[in-house]
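Inspection log for the structure reproduced underneath, given as structure tokens.
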Amino acid sequence: MSSIYLGVNIDHIATLRNARGTKYPDPVHAAEIAERAGADGITIHLREDRRHILDRDVRILRETIQTRMNLEMAVTEEMVEIALKTKPEFVCLVPEKREELTTEGGLDVVGQLDKVKAATQKLTEAGIKVSLFIDADRQQIEAAKQCGAPFIELHTGHYADAETEEEQQAELKKIAAGASYADDLGIIVNAGHGLTYHNVAPIAALPEIYELNIGHSIIGRAVFDGLEKSVAEMKALMIAARK
């Protein structure tokens, strides 16, 4: 079975810091600990409203991350320019609404194909690997292929939010089918959103999944168990699911 990688999202370290307008806890320190514990990459979402990660964080993390930076961002001119200036290893294009608590669904690539394609091409030309955060829908996967994105990240939020075992299994089947279809098209498949220590194994077991991006559940557990232990435990669960 192939390896699976963990990208740790540290947005909520910044959320905690910004709640009091202090300089601590610092996402830069969190990234260092996560990497030490086995994280294969660090994911941050620079939102247009700067509600958690700040421009300062992006700049410093770009210099200090030892693994790879995955910058999540909306498809806007401002964000594309920031990415071109920062040059992270990866950019994940995501939908964004100011009123949402967190990203609510996948990017509608079909509905804004030209816009997403233009951003993807511009970032790719700068040597940045682009991923599109989409639902496990064939049309969206095909549109991602049209855009020239080498990666997609399948939205696992509906799977994570399922209230019954039957609903969860139905969502898992959709994700599995989407991952298989994208793999057939030559797209590398990541996944994430709402994944926890209790629901990660079935997603991690899907052979096409290259990387999982997980944040909230890891940071939540870190409050009680410490960040290093929490990252290591998540990575261990993912690896065990592949055996």
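For all residues, glycine too, the Cβ spot is worked out from N, Cα and C.
Binding of 3-amino-2-oxopropyl phosphate is attributed by Swiss-Prot to Asn9, Arg20, Gly215, His216, and within the candidate set Gly178, Gly186, Gly194 the record adds Gly194 to that site. Cβ neighbour count within 10 Å across all protein chains ranks Glu153 highest among the recorded positions Asp11, Glu72, Glu153. If you count neighbouring Cβ atoms within 10 Å for each of the recorded positions His12, His45, Arg47, His52, His193, the highest count belongs to His193. Of all residue pairs in Asn9, Arg20, Gly194, Gly215, His216, the annotated binders of 3-amino-2-oxopropyl phosphate, the farthest apart have Cα atoms separated by 25 Å.
Of all the recorded positions in the list His52, His193, His216, the shortest Cα-Cα distance to His45 (active site, proton acceptor) is found for His52. Straight-line distance linking the Cα atoms of His52 (1-deoxy-D-xylulose 5-phosphate binding site) and Asn9 (3-amino-2-oxopropyl phosphate binding site), rounded to a whole number, equals 12 Å.
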